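The structure appears right after this line, and notes come after that.
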Amino acid sequence: MIVEPKVREFICTTAHPEGCRENVKRQIAYVKEKGQVCGPKKVLVIGASTGYGLASRITAAFACQAATIGIMFEKPSNGKRTATPGWYNTAAFEELAQEEGLYAKSINGDAFSAEVKQQAIDMIRADLGQVDMVIYSLAAPRRTTADNKTWSSTLKTTTGAFTEKSLDLRNNTIVTKTVEPANEEELEGTIKVMGGEDWMDWMDALTDAGVLADHAVTVAYSYIGPELTYPIYTEGTIGQAKKHLTETAGRIHEKHPGIQAYISVNKALVTQASAAIPIVPLYFAILYKVMKEQGTHEGCIEQISRLFHDKLFAAEIPTDPQGRIRMDDWELAPQVQGAVMDCWKEVNTENVEKLSDIEGYWEDFYHMFGFHLDNVDYSRDVEIQVEIPSLV
Ligand code: NAD
């Protein structure tokens, strides 16, 4: 089949298998170029198929030579529709890891469920004995808890309505968008889905099963961002969930003193999860322009490679007063934020292409789905039914 992008606002409903493979190859090449890290050897990545989780899996495997088990929630192709990008990424990752003699297996299912936790435990026990690192990188719209109740995550404010400039992704125009406040149930739902409860459940289950090494490290990802987006992010429903996630790091450490639990506050990047947040994409596009001009722009792989090299596995782990690792240090640098705010005040439909890196934003968006890569021949027929070696 000849696969073309089909974009609807902030989602692309097709993915290109060879483009996704190229993305994974490029990330592996980057990690190899940066050199080895004396880090974990057996790693469980929860949310391993796209964005920060995929970059974490690639870094663990190719910088630390770690065996990896990846958990994801992706759709294979049915022969007519393409698979989701995370499916193709994982197929490519496993193949490329195995070519280098690295153990790599994946579980495709709901990470929130007891069944998937048990599958992971059985796989670790049978193949690896124990894991010494757990990366928690889930971004999910909903979660069904053990009592069979389904909770939804919402991107709303927790104070009043918030009105700001926003980028209309359908036609690249600047519009004004109002985000409404959440009700109690929406706030509770967001904390249930994106807070730390499930991270704790994972750590309890792995510890109880004896498949977590003494002094294992676990890290979960968070975001803070600039004051401009506080009402919609940090002080919004998602920020309350991230607050819960951050507190959970402390709770994990209290309950399981041997485990080192960290929050890494990462940089704003275009991923499937973040493209859906209102107002934020315009900030991203301006941020990209400023950071590229100042030479500090990073993608997921650059962020996670730096996390492993300079922070998590450095002689001493640098943290802020709340104990968090700050990978958003370059994003929040005063010279970056000052320039971003100057552009934000001025930006309108006429000057958006000049004041923001809207092209870079869209390139990253297309790349996520395996499109717009210069060395992939999109006019060629490709097989869309691709197998993931460990799931066959
Ligand atoms: P993403 O959408 O690229 O990745 C989400 C991953 O979770 C995928 O592997 C997906 O398959 C998996 N997943 C989703 N639901 C699942 C389920 N029920 N069971 C199993 N797997 C499931 O998202 P991302 O942007 O890489 O986000 C990962 C984490 O990083 C999130 O906690 C997010 O808040 C955080 N973060 C993101 C940004 C950003 O700008 N993108 C910045 C800082 C922190």
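Cβ from N, Cα, C; glycine included.
Unlike curated records, TrEMBL annotations are generated automatically.
If you check TrEMBL, you get these features:
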ACT_SITE  Y233  active site, proton donor
BINDING   47-52, 73-74, 110-111, 138-139, K242, 269-271  NAD(+) binding site
BINDING   Y223  substrate binding site
DOMAIN    2-78  domain 'Trans-2-enoyl-CoA reductase-like NAD(P)H binding'
DOMAIN    81-313  domain 'Trans-2-enoyl-CoA reductase catalytic'
DOMAIN    319-382  domain 'Enoyl reductase FAD binding'
SITE      E74  site 'Plays an important role in discriminating NADH against NADPH'
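Close to ligand 1, meaning a Cβ under 6 Å from one of its atoms, are these of the binding-site residues G47, D110, K242, V270: G47, D110. All chains included, 22 other C-beta atoms sit within 10 angstroms of the C-beta of L138 (NAD(+) binding site). For the domain 'Enoyl reductase FAD binding' (319-382), the DSSP counts in helix, strand and coil order read 28 helix, 2 strand, 34 coil. A 10 Å cutoff on Cβ-Cβ distances gives K242 (NAD(+) binding site) a total of 25 other Cβ atoms nearby, all chains included. Listed in sequence order, the residues of the same chain lying 6 or more apart from G47 (NAD(+) binding site) and placing their CB within less than 8 Å of its CB are G53, I71, M72, A111, I135, Y136, S137, L138, A139.
Reported as a whole number, the C-alpha separation between G51 (NAD(+) binding site) and the residue listed as 'substrate binding site' equals 14 Å.
Counting neighbouring Cβ atoms within 10 Å of each of the recorded positions (F73, Y223, Y233), the lowest count belongs to F73. In this structure, the C-alpha atom of Y233 (active site, proton donor) lies 15 angstrom from that of V270 (NAD(+) binding site).
Put simply, of the recorded positions S49, E74, D110, the one whose Cα is nearest the Cα of Y223 (substrate binding site) is S49.
Residue counts for the domain 'Trans-2-enoyl-CoA reductase-like NAD(P)H binding' (2-78) under DSSP (helix as H, G, I; strand as E, B; rest coil) come to 32 helix, 15 strand, 30 coil. Neighbour counts were taken at the CB atom with a 10 A radius for the recorded positions E74, D110; the maximum falls on E74.
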